[in-house]
Amino acid sequence: MDPKYSYLPQGLQPDESSPQWLSKGDNAWELTAAAMVGLQSVPGLVILYGSMVKKKWAVNSAFMALYAFAAVLICWVLWAHRLAFGTHLMPILGKPEQSMAQNFLLRKYSHYNIPTADYVFYQFAFAAITVILLAGSLLGRMNFYAWMIFVPLWITFSYTIGAYSIWGSGFLEPIIDFSGGYVIHLSSGVAGFTAAYWVGPRHSHDRQHFPPNNIIHMLGGAGFLWMGWTGFNGGSPLASNLITSLAILNTHICTATSLLVWLSMDMIFYNKSSVIGAVQGMITGLVCITPGAGIVEPWAAILMGISSGSIPWFTMMVLHKKSAFFQKVDDTLGVFHTHAVAGLLGGILSGIFAKPKLLRMFYGSDKYGPGFLYSIIDGDIKRGLKQMVYQLLGAAFITIWNVVATSLICIFISRIVELRLHEDDLEIGDDAVHGEEAYALWGDGERDPPRFNRTPKIPSFCRRHGTSH
């Protein structure tokens with residue numbers, strides 16, 4: 001027997017599918033976490049988008065999410081993963097290579113006890129949900145063919161740049177971004193708002209009157225999003241450890257706090273408890289805790305929840321309505337407020353509340369942090385200020401890059417196909433775009449009431465009361 005397998009009992013052969021470095025517990029958790037992030041998109045955001053929009057846009061909105069999920073996966077394994085996490089090519093980008101070779105996928109990932117295949121799938125789920133979140137700004141008017149082109153271009157030229165710059169070996173590596181407050185949420189919010197500017201507004205009637213077609217289903221989609229965030233933040237340590245447990249608990253504490261604060265704001269200023277408002281508060285809480293989930297204490301998660309339930313509420317419910325700039329751009333679901341504002345807020349607060357010990361446990365070194373608050377306590381305020389500068393620099397870079405890259409992508413696509421649907425199609429919706437509708441009101445997929453060859457009998461109840469049927 002090979003000496004390296006001398007630890008095995010005599011006669012027992014090593015199992016090649018379970019190498020000595022593999023932690024089955026970590027592997028199982030990471031695959032579970034990745035699947036949970038995937039479920040946030042499909043079916044989570046598919047259901048949320050399909051029910052949160054006007055009935056005539058339900059199919060189109062859900063289909064935009066489903067298409068993006070599939071398209072991103074193919075892009076991811078063919079070239080995008082290595083652009084975001086591959087061999088260093090430049091300070092903002094890795095070398096574009098495929099990620100499907102067995103010797104690449106089945107080897108140990110970095111110093112973690114999981115195969116690289118786990119990491120590829122987990123990061124794909126992140127990339128997919130980012131572009132799907134972006135879609136929330138464009139619902140109800142974007143040409144589906146333009147969307148089909150937009151998704152691979154944006155993932156390639158925008159998302160991978162932010163991911164490599166902060167999470168890869170890029171020039172913004174010292175930034176604290178536990179699970180994507182900048183890479184995912186600030187990016188999707190800014191890019192969505194920018195794309196909404198280039199695509200143009202919805203039909204004038206839709207912009208004034210756009211009620212959700214099914215609030216109960218909307219809550220179901222929101223539930224997938226909330227519970228799926230257990231894997232979203234819990235998977236970032238790439239192991240089943242103490243930071244994982246803390247990240248999950250902090251995620252739910254911040255989210256619940258934010259929901260309650262947003263709900264309270266609605267009740268105080270509008271005298272009504274809005275279900276849609278509660279979902280928005282839930283989302284801002286999830287987004288805000290993301291960059292600091294495993295590196296802040298629970299009391300800080302509560303403060304972050306209070307901030308995420310109030311500041312994005314103000315920008316959406318007050319500032320947006322008074323600002324000519326915000327009114328000019330038709331951001332269908334308010335993604336700028338729920339993701340860009342909340343993501344920026346979370347990144348800044350993470351730079352303030354990040355605890356040195358937790359940073360060491362997560363990153364394995366002292367080059368991150370400490371949070372500004374702890375730098376004051378420890379008398380090392382220069383390091384805390386330096387970290388805050390990195391947090392602000394990262395936010396500025398992600399914002400500027402997404403504005404520029406998204407604008408160039410939209411301008412390029414507009415030379416090939418119209419970004420916005422024609423007015424006639426905007427009046428009709430799903431039937432004009434896909435030849436399908438969300439609800440068959442008359443049975444068996446019929447969209448028109450059945451035609452009778454004879455006059456139907458008048459019910460006896462109507463005859464007795466002298467009314468017609």
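Each residue, glycine too, has its Cβ placed from N, Cα and C.
Just so you know, TrEMBL annotations are computer predictions that nobody has curated.
According to TrEMBL, the feature domain 'Ammonium transporter AmtB-like' maps to 28-439.
Feature annotation from TrEMBL assigns region 'Disordered' to 1-21.
The transmembrane segment annotation in TrEMBL covers 31-50 (among others). Counting only same-chain residues 6+ beyond the ends of the transmembrane segment (31-50), those with a CB under 8 A from a CB of the stretch are 58-59, 61-62, 64-66, 68-69, 118, 121-122, 124-126, 128-129, 132-133, 135-136, 139, 217-218, 220-222, 224-225, 227-232, 234-235, 333, 438.
Feature annotation from TrEMBL assigns transmembrane segment to 57-79 (among others).
Among the features that TrEMBL reports, transmembrane segment is placed at 119-139 (among others).
According to TrEMBL, the feature transmembrane segment maps to 146-167 (among others). Remote same-chain residues near the transmembrane segment (146-167) are listed as 64, 67-68, 71-72, 75-76, 79-80, 83-85, 91-94, 123, 127, 130-131, 134-135, 138, 173, 175, 177, 182-183, 187, 191, 195, 199, 394, 397-398, 401-402, 405-406, 408-410, 412-414, 416-419 (criterion: CB distance under 8 Å, separation of at least six residues from the stretch ends).
Feature annotation from TrEMBL assigns transmembrane segment to 179-200 (among others).
The transmembrane segment annotation in TrEMBL covers 212-232 (among others).
Same-chain neighbours of the transmembrane segment (238-263): 23, 25-26, 28-30, 109, 112-114, 118-119, 122, 178-179, 226, 229-230, 232, 273-274, 277-278, 280-282, 284-286, 288-290, 292-296, 298, 301-302, 304-306, 308-310, 313, 358, 361-362, counting only residues six or more beyond its ends whose CB sits under 8 Å from a CB of the stretch. Annotation comment: TrEMBL describes 238-263 (among others) as transmembrane segment.
Residues 52, 176-182, 184-185, 212, 215, 218-219, 222, 225-226, 229, 232-233, 236, 246-248, 250-251, 253-263, 265-266, 300-301, 304-305, 307-309, 312-313, 316, 334, 337-339, 341-343, 345-347, 349-350, 353-354 of the same chain sit 6 or more residues outside the transmembrane segment (275-293) yet have a Cβ under 8 Å from a Cβ within it. Summarising the annotation, TrEMBL assigns transmembrane segment to 275-293 (among others).
The feature transmembrane segment is assigned by TrEMBL to 299-320 (among others). Under 8 Å from some Cβ of the transmembrane segment (299-320) lie the Cβ atoms of residues 249-251, 253-262, 264-266, 269, 277, 280-281, 284-285, 287-289, 292-293, 326-327, 334, 337-338, 341-342, 345-346, 349, 353, all in the same chain and six or more residues away from its ends.
Summarising the annotation, TrEMBL assigns transmembrane segment to 332-354 (among others).
Among the features that TrEMBL reports, transmembrane segment is placed at 388-413 (among others).
Between the transmembrane segment (388-413) and the transmembrane segment (179-200) there are at least 3 Cβ pairs closer than 8 Å, counting only pairs 6 or more residues apart in sequence, which means the two stretches are in contact. The list of residues near the transmembrane segment (332-354) in space but at least 6 beyond its ends in sequence, with Cβ under 8 angstroms from a Cβ of it, reads 49, 52-53, 133-134, 136-140, 175-178, 181-182, 184-190, 192-193, 196, 202, 210, 280, 283-285, 287-292, 295-297, 300, 303-304, 307-308, 311-312, 315-316, 320, 326, 368-374, 387-388, 390-392, 394-395, 399.
The list of residues near the transmembrane segment (212-232) in space but at least 6 beyond its ends in sequence, with Cβ under 8 angstroms from a Cβ of it, reads 32-37, 39-40, 43-55, 58, 126, 179-180, 248, 251-252, 255, 275-276, 279, 282-283, 286, 290, 438. Beyond the transmembrane segment (57-79), the same-chain residues lying 6 or more positions past its ends with a Cβ under 8 Å from any Cβ of the stretch are 38, 41-42, 45-47, 49-51, 96-100, 120, 123-124, 127-128, 131-132, 135, 138-140, 142, 144, 147-148, 151-152, 155-156, 206, 213-214, 429-430, 433-434, 436-439.
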